[in-house]
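Just below is one structure, and these are the notes that go with it.
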Amino acid sequence: MWSGDRRVGMESLSPERLHGHPYQEEASVFCRLTVKILEARSLPRADLLSQADPYVTVQLPTASGMKFKTQTVTNSSHPVWNETFSFLIQSQVKNILELTIYDEDVITKDDICFKVSYDVSEILPGQLLQKTFSLNPQGPEELDVELLMERTWDPPENLITNNVLVARELSHLDVSLDRAGNTAMAAGQDKLELELMLKGSYEDTQTFFPDTAFTFSFHYMRGQDTELNGYLRGPRNSGWNSDTSVTPFNVPLMSLAAGKEMTIDIPAMKAPEGKLQLKTDCCPKELSVRLSYGLCPEEQAFLSRRKKVVAAALKQALQLDEDLNEDEVPVVGINAEGGGMRAMISLYGHLLALQKLGLLDCVTYFSGISGSTWTMAHLYRDPEWSQRDLEGPISHAREHVAKTLLKEFLPEHLASYRQTLKLREEQGYTVTVADLWGLVLESKLHGQVTDQKLSGQRAALERGQNPLPLYLSLNVKENHLETLHFKEWVEFSPYEVGFLKYGGFVPSELFGSEFFMGRLMKRLPESQICFLEGIWSNLFSVNLMDIWYDITYGKDSNNFPVDVRNSEKEFSGSAGTSSGVEAPWLESGTALAQALKGFLTGRPFHQRSANFLHGLQLHRDYCNQRHFSTWADCNLDDTPNQLTPQDPQLCLIDAGCFMNSSCPSLFRPGRQVDLIISFNYNQSLPFKGLQQSEKYSRARGLPFPRVEPSPEDHSQPQECYLFSDPTCPEAPVVLHFPLVNDSFRDHSAPGVRRSPDELKAGQVNLTGAASPYFMYNMTYKNEDFDRLLQLSDYNVQNNQGTILQALRTVLKRRASETRPLGVKT
């Protein structure tokens, strides 16, 4: 509860951060949808002794934040309502009407009997449609509804869209209390609370003490057909009317003229009437969220700088006679898989080898997930890391990896974590176990918590001196779906953070801040990168259903469920029961079924961040856009009212919980990666991540070479594989390095056989029962660290010829062919 000035103004970005928004602006008219709930038939009994006591709720989230309700018809299986509700709708967004039949219960929570979703775009303007919904495909239950669509004379609304997401015009309502001449209140009423609600607004509900003057704001859609509701309440522990509201009041927002003040009275029993002053006005139309599937201007500028570095490195590595033109420079990307500390150490070895071979400067993109991000985040603390000897950061890692993880939970460390988390909470963040995990990681890997930020890594890109780092995470549903049934890639780079699926991005320093309808509402201090590492490598965020799927399908990449629906299919949620997204055995609305479902799909250790897409709506044709592909195993993609823009917070987890690959970042339009260097860190499944990437790519219509290792390759993998498709020049060439100990057993360096005294150093136990390299081991002896590092270093150096061959192949392609633009991802 607040008193005083509480106006929340939208934050603004510097002009340079507002450039590069290739979205479309279009004026779109409003329509008026009238919904008349007529009657239902053959509703089931509530119990053995009586019929149901049904009522219907009517909701259209894209038009109003309010949920309307019919009267309850008692003890009836054939209730008749004949009640009418009205919505002002925007015709260019996906409007899904939700009708839910409840059985009212005086003692327990009302039960949901049936739920229907209907796409109102099927109704033509001027058409009166009577619709009968079958509530149960196997039963006689039905609901009759009358629907009327009419054009209105309201001024058209200017929309901003990338044809998937839509940002609508925003208004702000300023509310202030005028207490002139009413300085005294009746006895016992000086502690009254004034609660104001504007459903569908950014603020939703605000509560104040009316004994002092105050000013505050609500931010809401200009075309939102809703009202401001107010309640004057007595404190619960007082005797003054404590159990009821005092004469609730409401103000339809459509009655307020923009820019003009309105004064209304607050009814108060036994007290002088206070007066509320209301004034509404338009918000600036500029967005803080970039709506585009293309690359941001900062990345495009980086590419131009980096190509000069890559061109010089390729000329030297391939002994070219002439300099390369910018359009002849191939794009090389690293795909670093996850694998905990094992992945971190191995990646150091792989990068060290590329540096020794003079090939690290040939890389443009450096993508990683899970444990690989620990290496990446450490290296990019130094803006010149790839130009310096990597032995420095490797020695740092060796020193800290040798420490036991238990030391990070000593009392002095716990006190430090508590203080840091308290400060984070005071800054406005929601603190979770994942944040604590990030602090433990930071202390383990670096000995202290530092103030490094993701945006600070831009210094490492200013001259194109390093590859662009890309960190990948997954957004999932918090409690009611397993990862396989709903997952969305979220990409983090020093420039921006965003969803590959929706084409919505924000500057990296604004991740965690609060947004509404594409506008920055509340800016929070940028998170330290350790908290992001807590997201990127949080394997504890899986739920029991994820573990079950991993046990069932983990060893068979062919069963990996990444199929994508035909994006041209029509919206599938026109009418039906519920959302259709749960497994049948979890669909029951009983308390026991819901409790079991929550137990199996709950994520107690996930990270929660403010959703920067919150409030944005989906375009009426979003499902037909080539960049938006729906998953074959996820009906939720066809249910816009349940997609991410409707959620106030994100639920972010380790991307390795779904697919142990960072390739989706390399598939984005505009990146046009020619060569992928794939580093595998799986102990027993050397091709799983790459085969998942291939299946994912093909399901989305992306060119990708066939990854078809033989049974012998699975059981005894080689050090390096080259996969390409000569018949499809658009497909990238892939170099794949499994984590394997092959010729390193008897070679200390490429072409140098080990002496008898050196053979022990070549024995690296990667998969045995006594292997120190298992996933959850966080402490390595120096000897084990060095063997894994040297093995990874050797495997890359020993295949220098294959790497150079791949570089020549993609260089030849670049020189002889023009790459098509706008490749679908």
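For all residues, glycine too, the Cβ spot is worked out from N, Cα and C.
Among the features that Swiss-Prot reports, domain 'C2' is placed at 14-133.
Residues or ranges marked as Ca(2+) 2 binding site in Swiss-Prot (evidence: sequence analysis): ASP47, ASP103, ASP105, ASP111.
The Ca(2+) 1 binding site annotation in Swiss-Prot covers ASP47, ASP53, ASP103, ASP105, and the record cites sequence analysis as its basis. The secondary structure of ASP105 (Ca(2+) 2 binding site), as reduced to three states from DSSP, is coil rather than helix or strand.
Predicted-model confidence for the domain 'PLA2c' (281-825) is 87, expressed as mean pLDDT. Per Swiss-Prot, the feature domain 'PLA2c' maps to 281-825; the stated evidence is sequence analysis.
Taken from Swiss-Prot, the feature substrate binding site covers GLY339, GLY340, and the record attributes it to similarity to another entry.
What Swiss-Prot lists as active site, nucleophile is SER370, and the listing cites similarity to another entry. Reduced to three states, the DSSP call for SER370 (active site, nucleophile) is coil. All protein chains considered, the CB of SER370 (active site, nucleophile) has 29 other CB atoms within 10 Å.
Here Swiss-Prot flags ASP654 as active site, proton acceptor, drawing on similarity to another entry. Residue density at ASP654 (active site, proton acceptor): 28 other Cβ atoms are found within 10 A of its Cβ, drawing on all protein chains shown.
Note on proximity: of the recorded positions ASP53, GLY339, GLY340, SER370, ASP654, the one nearest ASP47 (Ca(2+) 2 binding site) is ASP53, by Cα distance. Between SER370 (active site, nucleophile) and ASP105 (Ca(2+) 2 binding site), the C-alpha separation comes to 48 Å. Just so you know, of the binding-site residues ASP47, ASP53, ASP103, ASP111, the Cβ with the fewest other Cβ atoms around it within 10 Å is the one at ASP47. Between the CA atoms of GLY340 (substrate binding site) and ASP111 (Ca(2+) 2 binding site) there is a gap of 45 Å, rounded to the nearest whole number. For ASP105 (Ca(2+) 2 binding site), the count of additional Cβ atoms within 10 Å of its Cβ stands at 13 [all protein chains shown].
Each residue contributes its Cα atom, and for ASP654 (active site, proton acceptor) and GLY339 (substrate binding site) those atoms are 11 Å apart.
Taking all protein chains in view, 27 other C-beta atoms sit within 10 angstroms of the C-beta of GLY339 (substrate binding site).
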